[in-house]
Amino acid sequence: MASRGRLRLGSFEAVAAVLLLAAAASASAAAGSPDRPAPGPPLVLPLTRSYPNASRLLAASRRRVLGDGTRPNARMRLHDDLLTNGSVQLEFSCVLAYYTTRLYIGTPPQEFALIVDSGSTVTYVPCASCEQCGNHQDPRFQPDLSSSYSPVKCNVDCTCDNDKNQCTYERQYAEMSSSSGVLGEDIVSFGKESELKPQRAVFGCENSETGDLFSQHADGIMGLGRGQLSIMDQLVDKGVISDSFSLCYGGMDIGGGAMVLGGMPAPPGMVFSRSDPVRSPYYNIELKEIHVAGKALRLDPRIFDSKHGTVLDSGTTYAYLPEQAFVAFKDAVTSKVHPLKKIRGPDPNYKDICFAGAGRNVSQLSEVFPDVDMVFGNGQKLSLSPENYLFRHSKVEGAYCLGVFQNGKDPTTLLGGIVVRNTLVTYDRHNEKIGFWKTNCSELWDRLHINGGPSPAPSSDTGSQADMSPAPAPSGLPEFDVGLITVDMSINVTYPNLKPHLHELAELIAKELDIDTRQVRVMNVTSLGNSTLIRWGIFPDGSDNAMSNIRAMGIISRLTQHNVKLPENLGSYQLLEWNVQPLSRRSWFQEHVVSILIGILLVILITLSAFLALLVWRKKFRGQTAYRPVDSPAPEQELQPL
């Protein structure tokens, strides 16, 4: 079977300048680390789900941050994007999910969408000078435009560039993608929703990227792994957060989420597994058993302890088991779904195991598919619902496929984001344990008592738009076929300047959303002084009466996450409100009333025409053959001579 999914593992990682921050840390310690101030509350950031190159709908999430009362926290939303081969393609046969958050680098801040990756240690973005970088969501980082940027100068603790001027980094990933560039230091901001103040941090400025990193929509990677260059390690070493972070991904149909950088009290009912940092550089857990429908798989517990053990990786979409464990899991699940029909997967390149007939409602999947339990070494158990091991079939409605695969010949057990949908996962690095708490991650951000939409960049702008709250990301798929999407968009351009470009703007939006230009129409325009409010209508394709709900929610996600980029002359936009209207269900008479009326009019016209023609004909015939009585006088006619 062809391999699939984004595997961040295998990268740990050919790095230049891994020891770079160690020197800085030791210098800081020498300066008086015993008197270092106590760290503040945790940092909470939003996450976004995204979908690169080739696999499935994964869920995104939001998370609640329960501050520890002593340290600030970075609060950042998570976002999810749909990406296939570098472009939005919601109805493609297979979709891979990743989660991004917004990070701001430099003075003034330059905004980037970064994949949240617990399997990587370096945070990097494309550099303006990069000659081998793909086209991504945001403009590349321009060091010359940041007054606070400084290169990390070449020293004995790092690998240097050819000119021996600047430290470099390099990362190789298991899916054969790579990133390399130079190291720089600048102010990193986490958005207005974060309690944590901007901090100086070392990051990578890419000069080259290959594979999925080149084609993905996201700008780069936010490395949360263990390592001196990790953003987590840098913040912890500064003493501004405690040594812990949390992620929470939403359900199968709900995108977005949140990330907490910093410590938080464990919610009641959270189950833990030990995580051994000595055993592996990755975040591992002690998995001993897997139960399907309450029955343990007949496996030697040591099967989950080979090589790196059982690893959690937020940069991976699905779950990957050693061969023997995968076969046992597949057989156990298949044996419990007799009423369903086994069908081919959405992509002929993969031998997916899929089942049809389960219905569209995710909340009812547990009535058809078995529950699964993961039992840790301490006896505690994490219960998984069907959405934690299934993904939607993208071509057959009501069909689902196993999101658990064989990890080739690699004996490592790799658990990606699918396993922790609607689960708050706390990586307690200080206490060397990882906690799991089942919850509705789509509501977790609201529990943080944070209002508004995606994290805005730090700004001193106090213009007229300050009171306009951005629209939230879609919280789930509607249970109907969509007949119309309306979106209210505020654009920071005056109406007279925008009016000549409305058609151009409609074409741009259609192109970015991968739809036909005729589907995007202006429904209303309102001038708001220095800005313009436009209500757009997005209609189904001309050949269709409706668009699928997956397609509709993908379009809205693209807009709410600011994945549509406007030309500089059109300014920036803010999505204030969106609405999805179902396809109108009309009777046969309502759908054909116009045709019926036209038909009636034609019949009337034909009848009138025939009647008039008959009258004319009768009048003409009567004039030519008028009847005269036999005894009526007739004009005399003179006989002509022979």
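Each Cβ is built from the backbone N, Cα and C atoms, and glycine gets one as well.
Automatic, uncurated: that is what TrEMBL annotation is.
As written in TrEMBL, here are the features:
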SIGNAL    1-31  signal peptide
DOMAIN    99-437  domain 'Peptidase A1'
ACT_SITE  D117  active site
ACT_SITE  D313  active site
REGION    452-473  region 'Disordered'
COMPBIAS  458-467  compositional bias 'Polar residues'
TRANSMEM  593-617  transmembrane segment
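With all protein chains in the displayed structure included, the most crowded Cβ environment within 10 Å among the active-site residues D117, D313 is that of D117. Rounded to the nearest whole angstrom, the C-alpha distance between D117 (active site) and D313 (active site) is 7. Across the residues of the domain 'Peptidase A1' (99-437), the predicted structure has a mean pLDDT of 92.
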